[in-house]
Amino acid sequence: MSTRRVYFFGETPENQPANSELCRKVLGGKGISLAAMIKLGMPVPLGFTITCQTCVEYQKTASWPKGLKEEVASNLKLLEEKMGKTFGDNTNPLLVSVRSGAAVSMPGMMDTILNLGLNDESVKGLAAVTGNARFAYDSYRRFMQMFGDVCLGIDHDKFEHALDAVKTRYGRKTDPELTADELEEVCEAYRKICVAATGKTFPQCPHEQLELAINAVFKSWTNPRAQAYRTLNKLDHNMGTAVNVQSMVFGNTGDDSGTGVGFTRCPKTGEKFSYLYGEFLQNAQGEDVVAGIRTPVNLKEMPTINASWKACYDELSLIYAKLEGYYNDMVDLEFTVENGKLWMLQARAGKRTGFAMVRIAIDMCKEGMLTEEEALLRIDANKINEFLFKRFDPSVKPVVLGKGIPASPGAAVGVICFCPMRTCELAEQGKKVILTRIETSPEDILGMDRAVGILTARGGQTSHAAVVARGMGKCCVAGADCCQINYATKTLVIGDRKFKEGDFISINGTTGEIYNGAVQTIEPGITDDLQTIMDWSDKYRVLKIRTNADTPHDAAVARKFGAEGIGLCRTEHMFFAADRIMAMREMILSDDEGARRTALNKLLPFQREDFIGIFKAMDGKGVNIRLLDPPLHEFLPHTRDLQKKLAEDMNKKHRHIHERVEDLHEVNPMLGFRGVRLGIVYPEISEMQVRAILEAACIVSREGVTVKPEIMIPVLFSENEMEIMHALVNRVAASVFKEHGTTVDYEVGTMIELPRACVMADKIAQTAQYFSFGTNDLTQTTFGISRDDAGKFIPKYIDRGIFKVDPFVTLDQQGVGALMKMAIEGGRSTRTDMKIGICGEQTDPASILFLHKIGLNYVSCSPYRVPVARVAAAIAAIKARTNQ
């Protein structure tokens with residue numbers, strides 16, 4: 001049986017519901033939305049969809065698979081019959097759009113072509129049959145520009161410059177002011193551009209145009225911006241895009257025509273208004289709205305234009321309600337009005353901010369559309385981070401330079417940069433950047449990702465900048481027409497103020513205001529809506545959530561966000577403070593044990609005070625403290641000048657310091673003299689740390705604070721190491737408890753971060769009371785990859801399909817995960833109730849689902865990621881219980 005590659009709108013694979021997962025994989029997001037709207041009885045221009053799998057086949061051979069040409073031809077013939085027009089006819093031509101449509105929405109990342117089928121002769125026929133020459137030549141020049149850019153590879157700016165030249169010649173400020181004759185001049189200029197760039201005339205055969213356009217959409221699946229978007233959003237590079245060939249309807253035939261984009265609820269806040277939310281442009285085509293080249297009008301103004309527009313508004317109101325009821329979600333829709341008749345072009349679950357996501361989930365639950373569990377499954381856990389962004393200090397009164405459209409909420413402070421690639425460079429240097437553009441385009445995606453905020457002079461709520469910024473959770477102010485941006489001089493002028501690249505500004509994505517300089521921000525808190533989601537999450541999750549915290553402040557912040565303990569307290573971070581680094585260096589540079597103990601006695605009070613603060617902050621929650629992990633050379637200066645300064649401060653010879661640094665240097669420190677190896681060779685270091693932990697525990701215990709210290713031994717690979725360190729801890733504990741006249745409960749466990757430790761887990765568990773996985777080092781040692789050097793090749797590995805995602809971001813379930821399962825089974829075969837957690841930074845939802853399934857007790861993350869982990873753990877529990 002041959003594989004079917006083309007479906008006419010309304011048809012679905014195996015007659016499945018249009019919103020089924022099978023249909024999404026075959027027809028793509030746009031394809032299933034068109035099929036669904038037809039089945040719902042909505043006005044949709046007819047057409048057909050070429051499947052996502054066909055794109056995958058095309059990528060392998062760069063040619064159409066056998067049978068595709070015949071399927072396209074038969075569906076094109078059916079379209080001609082239903083529309084009563086002929087493709088390629090010069091008197092009344094059937095014109096089509098060719099659009100991409102992947103299974104997962106990738107707004108603006110791939111290519112679109114409108115008005116395909118026009119040529120030098122059929123444009124005259126279109127003018128005659130419509131009686132509107134201006135419309136015909138406007139459609140032709142749009143088609144030539146899109147086709148030239150997408151299919152012929154001609155720089156988009158060349159067409160824009162030619163258009164601007166004609167507008168300047170005739171004194172026209174906007175595109176709609178151009179007459180039919182003037183637009184015909186634009187078309188002639190475009191013909192010359194095509195000949196100059198390709199050596200050939202602009203393609204005149206509509207069937208050739210269609211084949212080239214379909215190929216271009218297939219190829220756009222692998223363009224750099226699309227690949228970057230998929231990598232940023234962890235999307236499968238192998239799913240391919242569908243191609244939708246759809247009969248054209250025109251929003252540029254006059255003032256009773258137009259095009260628009262709407263949302264059934266506000267994509268910024270989630271609010272459901274009494275009026276329709278969205279934007280539209282009269283006498284325009286669809287790309288005009290999302291491109292942000294013209295600033296559109298609010299949809300609620302539509303019924304005030306005239307009776308025809310009011311009728312469209314009323315029909316659109318019914319469609320809003322029907323679509324939201326069908327999707328049970330906030331819907332993003334696109335439409336065109338042609339000579340007063342409404343046509344629907346697309347509907348899909350809309351991109352939204354984290355604030356809107358939470359508000360919509362809660363409201364739909366209140367409205368009876370969703371259960372709590374269903375509402376939680378609509379939450380993207382990573383977008384919870386947006387609630388934790390800083391906001392501007394209300395006590396500060398900044399200088400307001402101007403105002404644009406508040407396109408994506410938040411507060412962003414950074415230096416101005418006009419170039420997306422330069423933004424990436426500055427971000428690499430640690431600078432916070434406001435990407436400042438006339439308007440953004442899909443090519444800007446990497447710069448937008450690295451910027452802290454986005455400012456555009458053109459565009460509206462539904463422009464590319466706004467949609468992508470909301471999807472990324474970036475602060476964005478769009479359509480700030482007070483901004484004059486000059487890329488050549490790298491300047492931004494607002495009123496009488498002139499700014500150059502590198503100057504600081506601040507933007508408020510909630511109000512749309514632009515402020516002078518760097519405005520002070522304050523820390524966020526838990527809102528009522530977020531608290532509701534947290535309460536729901538805590539009701540359904542099984543995994544406990546701990547935090548990584550090295551200071552009392554970090555511990556207090558994590559408790560505020562709901563942390564149920566500390567999963568990793570890194571003691572080495574405490575030694576880098578200015579008031580203790582010298583004592584640490586004295587200890588390292590000591591020539592014998594006695595001198596080392598003297599230096600360690602100086603460090604003991606510092607460590608004890610740190611632990612007192614942390615124990616008080618956690619008040620009864622478990623605190624997992626890792627003994628010294630990094631090699632000693634990391635605490636010493638590496639340059640000659642700094643070594644000389646240290647020698648002077650310690651009253652030692654420079655040569656002595658330099659030789660000691662050289663002695664401690666390691667060829668491969670990750671696998672060298674670190675962790676448990678330090679504790680066994682220099683037991684006095686571990687003894688000091690254990691004493692500090694347990695003395696602090698005794699002190700706070702006497703003050704009435706419940707304390708649960710957990711002492712973790714890092715980087716071990718054998719039960720022998722565990723036995724030696726367990727005995728050391730018990731020996732120090734006995735001494736401390738005798739001195740303080742009291743005891744506290746404590747546990748001794750280990751960090752599982754080497755493959756051999758996973759294999760030997762049953763034996764290690766004979767002494768270790770708990771395990772905590774260190775997934776960073778376990779990933780490094782399993783793959784044989786240094787995390788610090790992986791950036792040189794992991795992106796290429798992802799491009800080539802060797803990795804689907806970065807294994808240091810999303811846990812490798814097949815390799816590292818298999819070792820973890822082995823360790824869990826081994827550990828619990830010895831201790832059936834063994835507590836097992838993870839102390840690497842793990843809030844990736846896919847990783848948390850896996851960790852839930854293999855039976856971990858807790859995960860741990862940075863303080864500000866605790867709410868994210870709480871939600872991800874709840875989603876994991878719901879999915880596991882419902883086999884999703």
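Backbone N, Cα and C atoms are what each Cβ position is placed from, and that goes for glycine too.
These figures come from a predicted structure and were not determined experimentally.
Summary of the site annotation: Swiss-Prot records substrate binding at Arg626, Glu753, Gly774, Thr775, Asn776, Asp777. Screening the candidates Arg570, Arg677, Arg828, Arg831 against this entry identifies Arg570 as the one listed for that site.
Largest Cα-to-Cα span within the substrate-binding set Arg570, Arg626, Glu753, Gly774, Thr775, Asn776, Asp777: 15 Å.
Checking each of the recorded positions Arg99, His464, Cys839 against Arg570 (substrate binding site) by C-alpha distance, the shortest gap belongs to Cys839. Note: Cys839 (active site, proton donor) has non-local neighbours Asn548, Gly567, Leu568, Asn624, Arg626, Met712, Met751, Ser772, Phe773, Gly774, Ser860, i.e. same-chain residues 6+ apart with C-beta under 8 A of its own C-beta. Counted with DSSP, the region 'Central' (409-507) comes out as 27 helix, 36 strand, 36 coil.
Over the region 'Linker 1' (352-408), the average per-residue pLDDT in this prediction is 91. In the three-state DSSP assignment, the secondary structure recorded for Glu753 (substrate binding site) is coil. Each of the recorded positions His464, Arg570, Arg626 was scored by other CB atoms within 10 A of its CB, and the lowest score goes to Arg570. DSSP classifies Arg99 (ATP binding site) as strand under the three-state reduction.
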